[in-house]
Each structure stands twice: as C-alpha cells, then as structure tokens.
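Input: one structure, supplied below.
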Amino acid sequence: MTELQQDVEDTKPAKVLGKRESKLGSAHSEAENGVEEKKKACRSPTAQSPTPSVEADSPDQKKIISLWSKSSFDGASLASDKNDCKTESKNDPKTERKKSSSSSQYKANMHFHKLFLSVPTEEPLKQSFTCALQKEILYQGKLFVSENWICFHSKVFGKDTKISIPAFSVTLIKKTKTALLVPNALIIATVTDRYIFVSLLSRDSTYKLLKSVCGHLENTSVGNSPNPSSAENSFRADRPSSLPLDFNDEFSDLDGVVQQRRQDMEGYSSSGSQTPESENSRDFHATESQTVLNVSKGEAKPTRADAHVNRVPEGKAKSLPVQGLSETVGILHKVKSQKCPMLHHILIFYAIVVCALIISTFYMRYRINTLEEQLGLLTSIVDTHNTEQAAPSGLRSQVQFNVEVLCQELTANIVKLEKIQNNLQKLLENGD
C-alpha cells in the first residue's frame, strides 16, 4: 500500500508538470492568435490584456503573465505602426507634387537662362507658356516671362528662333483672334516690332501676367492715353502761350480728332491681314488731317492779329468746338459723296461691257453652229451625188468652187472670232 501511494504521489507532480507545459503551449498559441486579431481589429491592448491574479505563486504562472503582456505590447506597437503608415501615405502625394513642381520650375529656369544669355541669372523665371509665333509660317515654341524680360524660343526645321523683348520697351499688349473666330492670340508691340503669339491654351492668365510685368502700360489705356504722344508734345511746345481762347479750343478739337484717327489706325493695324483699301483709307485720313490743320492755321492767323481788340464771349468760345467738329464731319461727307458716284459710274460701265461681251460670244457661237450645219449638208449632198451617179465635170467644178468659197468664209470668220476673243480677254484683264 505504501508503495502504491508513493507511485501515485510521484505521478501527480508529473501530471502537474504536463498540465503546466500544455498551458504554456496553449498560452503561446493564444498569444500569437491575439496578436493577429489585434492587427486585424486594431483593438486596444487594455481590452485584450488579461487581469493577472494577484495570487500568482508559481514561477510558471509568472512566465505566462509576462508572455501575455509581451503579446499585448506587440499588438499595440503594430497598430501604432499601421496608423503612422496611413498618415505617411496620405502626406506623400502632396510632398511629391511639391517636389515635382519645384523641380520642373528649377529645370525651366535653368533652360531659360541657358537659352537667353542676355537675361541676368539673378532674375528668376516667373512662368512659361507653350504658344506659336505667327509669321510666314507658325513657329511653335515657348514664351518665357520674367520680371523684366519677355522671351520666345522656337526650333522648327532645325532653325532656332529667339526673341527677347525688354518689358519697358513694350508699347502695346492686346488680345486678338486668329481667322476672326478663335480668341487665342496676343499682340505684343514695341516701337519697332510687332509680334503675334497664337495657340495659347490659357490666354487670359498669360495676358494678366504680361500686364503685371509691363506695369507702365497700366496707367495708359490702349488708344486713349491721357498723356499725349511725342508729336503732340512737340506741337504743343512750339505753340505760343499767349493765344486767344477760341484758338486753344480749336486746337483741342484737333487733338480729339487726331486721337480718334489714331484709334482708327490702331484698329486697322490690329487686324491680321491688311488690304489695299485699308491702306488707301489710311492715306486719305492722313491727308485729311493735314488739310484740317492747314485750314485751322489759316483761320488762326487773323485771330492773332485781332486777339487784343475783340475778345470772344464764353458762350461762343464753348460753341466753337462743336462747330469745328461739324465742319470736319461735313468735309468727310462731301469727300465720300464725291467718291461714291465715281465708283458707281465705273461699276456700271464695267457691267455694260461684260454684258456686251457675253451677248457677242453667244451670237458668234450661234453663227459657227449654223455654218457647221451648212457644211454638213453640203458634204452629204456631194457624197450622195458621187455614189448615185457621176455628175458632170461642170457641176463638180461648181460644187468644188462653192466648197472652196465656204471654206474661205469659214476661215475668215474663225480669224474674226479669234480677234474678238483676244479683245475680250484684254478687256477682262483691264477690268480686274
């Protein structure tokens, strides 16, 4: 009995040790499963951490508790790593975009200073635009804008085209259209040159940037500048200051007329293609303004002599500008009314000539057709006589004579037709 009790007591600690080892293995597996579940569900470590019993006596239970705490700590660290990765992945596209934009801007700046050596390296590039320069052909390239320079570069068929315009030399920046339909072009004009840039994808932003660069154009609007031009300044400098009121008013009217003419001239120059009619109208306006100036000077001479004797009242002095404008408008209407009847008469004359030529061509065509029919009838008659019976020699000679006469008439008519055709062609060429 004592031996059996000793065997039972020996087997009990072995069983207890086996149970403890199985508990440790299950604890390890549960810890791994707990880590995976924490990765998926991202639970807090306090929710899954077991409450260790205060009454942990054996070292095995202490080991189990330490394993549970380690697994919970690992799960919490993995969850925090996941959150950090998510925040970094959200911030990455913004930083990448900033880096790419800064790198592209840096490359464009380097390319700009490499192309245009006249621009100082301390002056950075503001922005570049893809566009085309309109000349005899379209030169596709890029427009570079900096603080003090407007530059263009193009390489077409192996030919480099470089244009550098100082911002202070620009006198006009204007929006325009290509083919009178598509509003995608800009005009940049200086004192000596005029450039048209087309195929702009963002014309408004380009226009605003160019206006901001050329700040001296903001004070003066296009065509209506408050400051007079150099010609007007010189004209006013030569004019004496001791003039009567009516003389000053007349010249102020002339200044208004000159400004209006300048607007018309700029309107003609802004159009892409200039016709001979527009050039003639420019010459006409120039000569007309000169005549108005001469007339006003001729009228001003007697007023100088009588300036100190007779002073014009204020009401009359104010009414003089209106009279001067009405006189200029009357001169314009008279000249136009004189030109219009002449043009109408010329057009009517050309229309009559063309109608006469058309009628004569139809008549000549009719005559040729009738002669051809007569020739066909004669040849058919001759053939029938030859086949049916042998005609006498006298008749044959007469028929041959008639045929020769007809041939001569036909040749003479053909020569006349050729002469008429040549005359018609000359008239048409003169008419064109």
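Cβ atoms are placed via backbone N, Cα and C, with glycine included.
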Can you tell which of S80, S202, S252, S289 Swiss-Prot marks as phosphoserine?
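Looking at Swiss-Prot, the phosphoserine feature maps to S252.
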Average the pLDDT scores across the domain 'GRAM' (110-177) and report the rounded value.
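In the predicted model, the domain 'GRAM' (110-177) has a mean pLDDT of 89.
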Could you tell me how many residues in the domain 'GRAM' (110-177) are helical, how many are strand and how many are coil under DSSP?
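Looking at the domain 'GRAM' (110-177) with DSSP, the answer is 9 helix, 43 strand, 16 coil.
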